[in-house]
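What follows is a single structure, written as structure tokens, with notes after it.
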Amino acid sequence: MVLADLGRKITSALRSLSNATIINEEVLNAMLKEVCTALLEADVNIKLVKQLRENVKSAIDLEEMASGLNKRKMIQHAVFKELVKLVDPGVKAWTPTKGKQNVIMFVGLQGSGKTTTCSKLAYYYQRKGWKTCLICADTFRAGAFDQLKQNATKARIPFYGSYTEMDPVIIASEGVEKFKNENFEIIIVDTSGRHKQEDSLFEEMLQVANAIQPDNIVYVMDASIGQACEAQAKAFKDKVDVASVIVTKLDGHAKGGGALSAVAATKSPIIFIGTGEHIDDFEPFKTQPFISKLLGMGDIEGLIDKVNELKLDDNEALIEKLKHGQFTLRDMYEQFQNIMKMGPFSQILGMIPGFGTDFMSKGNEQESMARLKKLMTIMDSMNDQELDSTDGAKVFSKQPGRIQRVARGSGVSTRDVQELLTQYTKFAQMVKKMGGIKGLFKGGDMSKNVSQSQMAKLNQQMAKMMDPRVLHHMGGMAGLQSMMRQFQQGAAGNMKGMMGFNNM
């Protein structure tokens, strides 16, 4: 994600405070210069950058500060607060009502990724248990209906459109009426892309809006145009009642920061951001968690939401087995399935404090997903006895012929099968030790259920299993312990502690 470059530069500037022996005006000005340069390079409007600098300077009076105060943390807090303000329009975004029919109309310029974004939004709500559908009212662009149809079919989302009817108002009206009669909760209408100067298309957009009376009009905006987004958003707001904005293509353009701040300047709430071409490269936009992730401070709230989506609490049988320190190959297979359901690895890693959104490149991510699928393919070639055995890898060591059979069945080498079994053995040993810790699976605050000595042992075991590079990014053992504590308590509000920003 190109925005990660901005995050890395700002984080580097903030960390320079830690290297300074004394925090004085000179150090503060040097740090602010680095932050402002990074923002200007990301195409943030110079007036907004100047305002941020002035606000931080006025909030931090080094001469008036009491000697006992932690000046570094006060400065970091002030910068964090101003960065949040930079992308916060200060307007509450529209949200759909469960059990009600919510009609959402998409508008935007040609090439902004509007049709793809329609499918992403429908898929996002579908995964959360909403009844969603898509309507293609774009009769201007050749192939628009085919594209929407292809996306909808792949995601198994009902859709409506026509190859013969050329009036978008009729298509939109018929589609909305059809899906309302079928009690769909999220009805998304894709309209023709337009350019600012095309009055006829603007007129068409108004006619469609008047016909279907949408609950929310979403303007889809391409991040690559940077701060020019402000003029565009205002032009559309003047014509129709744009209630929300989705910014796309944030993964490939250095001007993403400028685009986000420009939209915020129009007082239009950004509800989602597009971070890639795949259907799950799509995230809700929340200002504080966004800045937290940008600076490598994580988003525990978002991570917990992802885990809750999997409904892991329903898996009582697994919890019971873990209590007794049991973990089979089938259990590992099911956990791999859960990881796949959570979405792109880079998105998940960005939510873990200590990892930036740049920690895993697209190439590494694809490689990791391919490796995970390969491991699952190997397990697909195992029989029930092998998958459900509590002896795990011992079944294979007693009868080496099983390894050769699984390797042939999955089209891999015997070494690949042995590597999987080695990995599984590490997991199983960890679970066995966890099973011996009373109170670990009671739920609630882990610190109240588990003794400090047992918790220390558990953290040491986890640290041994982890890649040293990963542990370093988390801030060593202290970072790992802090993350475990936050995740168990479901505490999203104190994620800043991960980088030492405890007073934020």
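Glycine is no exception: its Cβ is also placed from the backbone N, Cα and C atoms.
What Swiss-Prot records for 108-115, 190-194, 248-251 is GTP binding site, and it gives similarity to another entry as the kind of evidence. The region 'NG domain' annotation in Swiss-Prot covers 1-295. Annotation source Swiss-Prot lists region 'M-domain' at 296-504.
Each of the binding-site residues GLY108, GLY111 was scored by other CB atoms within 10 A of its CB, and the lowest score goes to GLY111. Each residue in the region 'M-domain' (296-504) has a pLDDT score, and their mean in this model is 66. Look at LYS114 (GTP binding site): DSSP puts it in a helix. Taking each of the binding-site residues LYS114, ARG194 in turn and counting other Cβ atoms within 10 Å of its Cβ gives the largest count for LYS114. Counting every protein chain shown, 25 other Cβ atoms lie within 10 Å of the Cβ of LEU250 (GTP binding site). In the three-state DSSP classification, GLY108 (GTP binding site) falls within a strand. Look at ARG194 (GTP binding site): DSSP puts it in a strand. For THR191 (GTP binding site), applying a Cβ distance below 8 Å and a minimum sequence separation of six or more within one chain yields MET105, PHE106, VAL107, ALA137, ASP138, PRO168, ALA172, GLU204, MET205, VAL208.
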